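Single-structure report; data block below.
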Amino acid sequence: MEAANLSVASTGVALRLGPEAFSSSPNPSGVIGSTPGGAAPPGREPPFSVFSVLVVTLLVLLIAATFLWNLLVLVTILRVRAFHRVPHNLVASTAVSDVLVAALVMPLSLVSELSAGRRWLLGRSLCHVWISFDVMCCTASIWNVAAIALDRYWTITRHLQYTLRTRRRYTLRTRRRASMLMIALTWALSALIALAPLLFGWGEAYDARLQRCQVSQEPSYAVFSTCGAFYLPLGVVLFVYWKIYKAAKFRFGRRCRAVLPLPSTVQVKEDPQEAEMVFTARHPTVAFQTSGASWREQKEKRAAVMVGILIGVFVLCWIPFFLAELIGPLCACSLPPIWKSVFLWLGYSNSFFNPLIYTAFNKNYNNAFKNLFTKQR
């Protein structure tokens, strides 16, 4: 989310001073010095270290890569007609939220990181716009991951419960409606969480005296926003992936050895798409079907693995930030600014990993990328 709870009383963030921040001490003007004596000359800002320049460069590259990679996914989905269906509409919704994070949220957060004392110098109105987009886009990105996991779970369970004809009917109708409903609810809930402080007077994001811009620190809003933006979707994705694992284990495990009735002749059948062999014998009354997974099962396995990695990266990226966001306002305590910055940008990096994960496990995206660049040449 945004640069919430980051202290204005210190410029010891790694982006500002680098490693020297750990050994520096404040001077009367509130600027932390990095000189050997522990104090900076009055009225002078400490110079950027090599470490801080390297960190800023990496963050700029992260912003650019996040924007371009998600934009490439969006363009591919729009240009390739085969992607105009579920689950690619959920992927497109995720890419839209991540593009907005990279275009509107991360650059202003970097500007705030680079300002002395993390002061917000862009005014109250822009602060409210930034905070609103920060909360809304990051929340939408998180809930889109939950929607992708839900779609994968429903797909696997429907394959277990229904015939091929019913599956096709479900895929064309119910699945499309369910995905569109999830996308609408995702953005509606994200907008509600982001705009609640402005609509209902639930705390103030901008402090003119301290020149500070952050998410409302009202304890009740902290509980509402963190639960709605992270802990609730976290519970959903963990429960859903547990169900996916059980369903996939049942579906794939039962094909390892099946007992079938048998005709009176010896035959060997091979289905080129299913990539499996069925062996029968003349006299026995049963036959054993032993083969690898079918093409569809292999596809579902890859999708299940993709969802698992997507969820794992999502949890690792966001859980440190949201733990700090929830605990800070409730206990009136605060982490050191450097750790808040680390947790914040670790969460932002999830928008970079999302498109990498769900395109790496889908060969159709890789082929579409190649065709896109080949045609442009």
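Glycine is treated like the rest: Cβ placed from N, Cα and C.
Summarising the annotation, TrEMBL assigns transmembrane segment to 50-78 (among others). Counting residues 6+ beyond its ends, the transmembrane segment (50-78) has Cβ neighbours under 8 Å at 14-19, 84, 88, 91-92, 95-96, 98-99, 101-103, 106-107, 110, 113-114, 345, 348-349, 351-352, 354-356, 359, 365, 368-369, 372 in the same chain.
Feature annotation from TrEMBL assigns domain 'G-protein coupled receptors family 1 profile' to 69-358.
Residues 2-3, 15, 56, 59-60, 62-64, 66-67, 70-71, 73-74, 77, 83, 122, 126, 130, 133-134, 137-138, 140-141, 144-145, 147-148, 151, 179, 182-183, 186-187, 190, 344-345, 348, 351-352, 354-355, 358 of the same chain lie 6 or more positions beyond the ends of the transmembrane segment (90-110) yet place their CB under 8 Å from a CB of it. Here TrEMBL flags 90-110 (among others) as transmembrane segment.
Through the fold, the transmembrane segment (130-150) approaches residues 1-2, 87, 90-91, 93-94, 96-98, 100-101, 104-105, 108-109, 122, 179, 182-183, 185-187, 189-191, 193-195, 198, 205, 213-215, 225, 228-230, 233, 236-237, 240-241, 244, 307, 310-311, 314, 318, 347-348, 350-351, 354, 358 of its own chain, all at least 6 residues removed from its boundaries and within a Cβ separation under 8 Å. TrEMBL lists 130-150 (among others) with the feature transmembrane segment.
The feature transmembrane segment is assigned by TrEMBL to 178-200 (among others). Sequence-distant neighbours of the transmembrane segment (178-200) (same chain, 6+ residues past either end, Cβ-Cβ under 8 Å): 86-87, 89-90, 93, 97, 128, 131-137, 139-140, 143-144, 147, 150-151, 154, 215-216, 218, 221, 224-225, 228-229.
Per TrEMBL, transmembrane segment is recorded for 220-242 (among others). With a threshold of 8 Å between CB atoms, the same-chain residues lying at least 6 positions outside the transmembrane segment (220-242) that come near it are 1, 135, 138-139, 142-143, 145-146, 149-150, 152-153, 189-190, 192-193, 196-197, 202-203, 307-308, 311, 314-315, 318-319, 322, 325-326, 328-330.
Per TrEMBL, transmembrane segment is recorded for 303-323 (among others).
With a threshold of 8 Å between CB atoms, the same-chain residues lying at least 6 positions outside the transmembrane segment (343-361) that come near it are 1-4, 6, 59, 62, 65-66, 69-70, 72-73, 91, 94-95, 97-98, 101-102, 105-106, 109, 138, 141, 145, 148, 302-303, 305-306, 309-310, 313-314, 317-318, 320-322, 324, 335, 369. TrEMBL lists 343-361 (among others) with the feature transmembrane segment.
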Ask   = Mean pLDDT for the domain 'G-protein coupled receptors family 1 profile' (69-358), as a whole number?
value = 80
